[in-house]
Amino acid sequence: MVAITSLAQSLEHLKRKDYSCLELVETLIARCEAAKSLNALLATDWDGLRRSAKKIDRHGNAGVGLCGIPLCFKANIATGVFPTSAATPALINHLPKIPSRVAERLFSAGALPGASGNMHELSFGITSNNYATGAVRNPWNPDLIPGGSSGGVAAAVASRLMLGGIGTDTGASVRLPAALCGVVGFRPTLGRYPGDRIIPVSPTRDTPGIIAQCVADVVILDRIISGTPERIPPVPLKGLRIGLPTTYFYDDLDADVALAAETTIRLLANKGVTFVEANIPHLDELNKGASFPVALYEFPHALKQYLDDFVKTVSFSDVIKGIRSPDVANIANAQIDGHQISKAEYELARHSFRPRLQATYRNYFKLNRLDAILFPTAPLVARPIGQDSSVIHNGTMLDTFKIYVRNVDPSSNAGLPGLSIPVCLTPDRLPVGMEIDGLADSDQRLLAIGGALEEAIGFRYFAGLPN
């Protein structure tokens, strides 16, 4: 068995032949088998993975590009190896032969299909408590949620079952589970990554995203997926101007999250970061106008189109009838039973509220001369499995989905890049993540800033395997 480190470090070990690709793969397989209770993985092909590793070792190219690195793919992304099911019964045997472009680009660079990650059914939730495939468990505490909807990928990366993973993010689904599991989650600018052959929620908002152990690993994967091979120059902390929009993003935080944010800001300020306290005008109003109307209207249309294109034997009705998770069924059935968003509401959201939200971000960054904004990824840490509809937060019963996505939703609706970085553990040893957002197409600059912040913060923990 070999010591499992980051993706970047593993590539260096493979290049130096400190261990073989097969030795790495056997170690990861053993870890996956030891961590079955997390229910992070939906599908695997260990024999196929071993054959691929042996082939790489014979050719002697391990560590070149991504050669020899097994990755976890969320179960709504076509890999050509594992079923593309979105973890819902009607699609459980749907296995497209052609992979998505995001998977194909990684495979072309030498990455291996390591596993398919369990997820919130049809990506429509943030707990990954899936009544069809079972709840994914948080590797820091198996009684708690890992976040979602890419919860299986986050749990697999956090417990080092896989060296990295690809999820999808409509409004939170990469960054939130990364934060709750203590790893890094990156949502790129909308359109930076190809989104074909992925079971959709909302084409206006959906994008593949990266979950990894550190920012350096995200940079490696981003470079390959986006096709931007140039290196990102390091960014010094001194001189960075980072916005703190305290109203909205810092409202009603869990006490542990508030302390983590305060401590992180103080640490970074002492290292030379200039923080600008300024609120984003009309953010709540614009975000509410752009958020749910777009996602709820587009979901049935987008899913029907996907089924027409790729799964001719399964109808939209088959999928909806087969849904097992009550929270997802309630949302889906509402779109069928006459409570759906009207075309007029959708057009207003997409062509009025959304452009105004985007313009508001641009003006905010320009007026305050900002490099990024910083805020807690989620207002609260991971909570017990089963609180899918409501959760008590600071003494008040709140909608689980809305409180968890509150901070990450606005930039999703604006199509902006966001990077969640773990900053500390609470006294209960639960991770807290903080997110930096940038303007559209500032992805590489944002990753460079994230790398500098990560180094300064110095989070050095990982979850380990369940007992």
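Cβ atoms here come from the backbone N, Cα and C positions, even for glycine.
From a predicted model like this one, the values you see are computed outputs, not experimental measurements.
Annotation comment: Swiss-Prot describes Lys74, Ser149 as active site, charge relay system. Annotation comment: Swiss-Prot describes Ser173 as active site, acyl-ester intermediate, evidence class similarity to another entry.
Lys74 (active site, charge relay system) sits 11 Å from the residue listed as 'active site, acyl-ester intermediate', counting Cα to Cα. Neighbours of Lys74 (active site, charge relay system), defined as other CB atoms within 10 A of its CB across all chains, total 33. With a cut-off of 8 Å between CB atoms and residues at least 6 apart in sequence, the same chain places His120, Ser123, Ile126, Gly148, Ser149, Ser150, Gly167, Gly209 near Ser173 (active site, acyl-ester intermediate), listed in sequence order.
In the three-state DSSP scheme, Lys74 (active site, charge relay system) falls into the strand class.
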